[in-house]
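Record features, source TrEMBL:
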{"type": "COMPBIAS", "residues": "35-45", "note": "compositional bias 'Low complexity'"}
{"type": "REGION", "residues": "30-49", "note": "region 'Disordered'"}
{"type": "TRANSMEM", "residues": "65-88", "note": "transmembrane segment"}
{"type": "TRANSMEM", "residues": "100-119", "note": "transmembrane segment"}
{"type": "TRANSMEM", "residues": "131-151", "note": "transmembrane segment"}
{"type": "TRANSMEM", "residues": "157-176", "note": "transmembrane segment"}
{"type": "TRANSMEM", "residues": "197-215", "note": "transmembrane segment"}
{"type": "TRANSMEM", "residues": "221-244", "note": "transmembrane segment"}
{"type": "TRANSMEM", "residues": "285-307", "note": "transmembrane segment"}
{"type": "TRANSMEM", "residues": "319-338", "note": "transmembrane segment"}
{"type": "TRANSMEM", "residues": "350-370", "note": "transmembrane segment"}
{"type": "TRANSMEM", "residues": "382-406", "note": "transmembrane segment"}
{"type": "TRANSMEM", "residues": "418-441", "note": "transmembrane segment"}
{"type": "TRANSMEM", "residues": "453-475", "note": "transmembrane segment"}
Amino acid sequence: MSVYLPLSSREDDPFIDGRISDGNEGTLAMEMEEGTSTSKSSGGSSRRKNSRLKCFGVDLSPDNVAVAMVYFVQGVLGLAKLAVSFYLKDDLHLDPAETAVITGFSALPWLVKPLYGFISDSIPLFGYRRRSYLVLSGLLGALSWSLMATFVDTKYGAAFCILLSSFSVAFSDVVVDSMVVERARGESQSVSGSLQSLCWGSSAFGGIVSSYFSGSLVDAYGVRFVFGVTALLPLITSAVAVLVNEQRVLGPARVSNVLLGNSSFLESSKESIIQLWNAFRQPHVFLPTVFIFLWQATPHSDSAMFFFTTNKLGFTPEFLGRVKLVTSVASLVGVGLYNGFLKNVPLRKIFLATTIAGSVLGMTQVFLVTGLNRQFGMSDEWFAIGDSLILTVLSQASFMPVLVLAAKLCPEGMEATLFATLMSISNGGSVLGGLIGAGLTKVFGVTRDKFDNLATLVILCNLTSLLPLPLLRLLPRDDTDTAPKVKM
């Protein structure tokens, strides 16, 4: 089974207080650094470096721990992924195309992330721009899964609750991304890569924690129970908000300006939009964004393959949980691969190699669909595990440089907004790719019980992933240690 990584920021898909070292440490090694106190300027702040725990070369300060925990929650929320898939298939009796549409619909909150960035940057909630929104996001996530565990029994209700959960994760993602890019701005590719590695490593670890139980709990207790357990997890996001080092904004003036339509606030908002456009239209921002959108917009056949493996091959929720555990570990390996070997490699080479390798290896799904793997003496289960592991490593390794590039392009003062804009465009490509895949699934007549043309669908989806490669020239030829300056 191939693995599709939604850009959440994955997605992703696919991310700190800038008190960091050079970032050349081992991939998952955590170390205690002892010695004399030193100071270093990063984003206008200095740090005192005595003995501090580090991960991926990043100091685990309270701010960094808060950001890492938010990404951990994003990963551990995967506990409900299999439950949702089986709920849509078995309880609501949807076909692959309908499931793909609902999945694409649930990603809509990720397309308006700039709005969340603008709100977070401009409107303090209870005096805070970061803490309060993290608390609110966690509460909304808990509400959405509580509804799924109790009242929801239609596809429209399920779509709404999944959408609400997606919104809560997307908003918290914007908040912590703004904290990341504030420190990554102006840093080298290596340092920025270490920051992103910490974030996505935390997310992958969360996925590992939840992976196996995601299937076994569905088998043992049913999907409603899993939704109820999942409702507790977003509350972690609310709890870690207290770790964020943020000065309280005194007075309600800014909020009143927004609500009452104060002319000075509107003028300031207009200037912010102009600044955003001026930054985005710079060739070194706009052209790579075009490539990333097209790279994400290629179709995939994930929903059809899920129905095939469960309805045709008889894969159980418990086994799919094991597959998910393998892919979560593989995602962490992909982060380590990038952090250890690829963060200084030019983007063009990374995208070229991983895209070609992913397309070729993705064709192995045809073996599973046609049963050729059994002729070579390999069971369907082992073949699915191996296929997922390899493709996930490639997907994660190719996803990391997208985040690094986007973070480095963000100018001071609008970090959350511009980074969210770039990620929203990338996520838009993912949604478009999913909808194209749903349309192709319908065209080829693949349903919950009919898979005659599934092999053709798989081949077509893998071949189309090669289409953006001629546009690699839109990416920077190489990446220097200094981030490009954005003209405002």
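Including glycine, each Cβ sits where the backbone N, Cα and C put it.
Any TrEMBL annotation is an automated prediction that lacks curation.
Counted over residue pairs 6 or more apart, the CB atoms of the transmembrane segment (453-475) and the transmembrane segment (382-406) come under 8 Å in fewer than three pairs, which marks the two as apart. Pairs of Cβ atoms less than 8 Å apart link the transmembrane segment (418-441) most often to 285-307, out of 65-88, 100-119, 131-151, 285-307, 350-370. Beyond its flanks by at least six residues, the transmembrane segment (65-88) meets 8, 15-16, 55, 94, 98-99, 102, 134, 138, 141, 145, 148, 155, 158, 162, 165, 169, 172-173, 175-176, 179-180, 198-200, 202-211, 213-215, 217-218, 223, 226-227, 229-230, 233-234, 236-237, 240-241, 243-244, 306, 310, 317, 320-321, 324, 328 of its own chain at Cβ-Cβ distances under 8 Å.
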